[in-house]
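Pulled from TrEMBL:
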- 20-64: domain 'Cadherin' (DOMAIN)
- 68-164: domain 'Cadherin' (DOMAIN)
- 165-269: domain 'Cadherin' (DOMAIN)
- 269-386: domain 'Cadherin' (DOMAIN)
- 396-417: transmembrane segment (TRANSMEM)
């Protein structure tokens, strides 16, 4: 820990990592920046570098390397004559240690075969022998070419982590137990001669829910939340132990906690049942078989008991039979059911489990009435049942519906046409077209002047006043009434129409559409004369109709017709 101090305040540097290891990294450099004005814009700042060195603690026990020690026997010979091998010939450590020979240095290398335990055995004695590998039998009389020595090995004491009494633990606790219920106890001791006190704690990850806690001094594990076996039946936790004098030395053990079941869930139907009863059913007939399920353990679940609620009146239609194998049968009480009278029935039932104390629940079964074949196969249910009882099939129903739709369409079409005929043709008063008046009077032709005075058509002075076009505003100057009448008297009707046509064609203010103007002027007398039948009916036709062919294609058919009549008369 380092302190950064100025004249006004102090700041403490704390570690951000757990279990920092000096053996992995010993030196750290931290850059510290200080700002005034609470770090706002415009404030001044200063920085400094803090060098941090981790101090060593005794968190690593000593480890014997593969080579425990070396011994060497001296040989005055040279070359291959000085080669030798080493062996352990006696001693209490013959199964703990082994020795090999280094051919280059001719040294004996002593190694461990098994780990050492200072608390069990502190010293070992070995008898080691060194012998030449290349013997010269010429000098065998000089004695054995080997030598022996006694090697005493002293085992050093190191600080070891606590040792648990068991390699793993299994504990049990009932679900729904109160918070703080004791689950079990773990025990660990310091194997060193110092026998330091041990502290316990549970290794939890950040995201893991903490359902248990442990007493740091006694190792007693207790519940910290209410447990539910149906949600989590088993928990695995890891308990760690460390010495008070050396917290860096840790040992871990796995603790498995089994959650025991209590009868806290009532039984319920295994699924939603679709029960059907046929209209031709007989009394005592089994129409369905049901079963139940329970979330609790097997000891608190089956066996199930099925029965009717005794507080309700007896059902006259159906009854329930417990089969004593965790199933029940639904039976009819009477014969024949009618869908037209009632198509759905409800049967309340009760289910209890075999737990202590026993729990029960109520459910309601829905039973539908359907039409069935003789072999019991369901034919129709619900709405189709009423149609079948009336003798109507699905196809007949569709045909009837189509006929009704067609009739409705015809009625709507008839009403629409009637309304459209009754609507009068309303011509706006501002319509630019002249009103067409139809008279159902054929008249007597041009010679008939009694039915209608034609002088008004030939003399524009018959009009009360000069009428201008109603679709544009006239720009002509108005003249007194007597001047206008005198001007019209001297103008022929044909000339009058030509003037009006020229005015309409040359007027730039008219809208860009055709304007219909009707004038009652028949024009000059036709060269062909009258074709009325008034005179032809009283006289014989002795005229020559060949001139009709000169009138053009429009009168070709007429010329042929009159030509055939004339030829017949001549014949």
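Just so you know, glycine gets a Cβ as well, placed from its N, Cα and C.
Regional average pLDDT for the domain 'Cadherin' (68-164) in the model is 83. Summarised by DSSP class, the composition of the domain 'Cadherin' (68-164) is 10 helix, 46 strand, 41 coil.
Helix, strand and coil counts from DSSP across the domain 'Cadherin' (269-386) read 7 helix, 53 strand, 58 coil.
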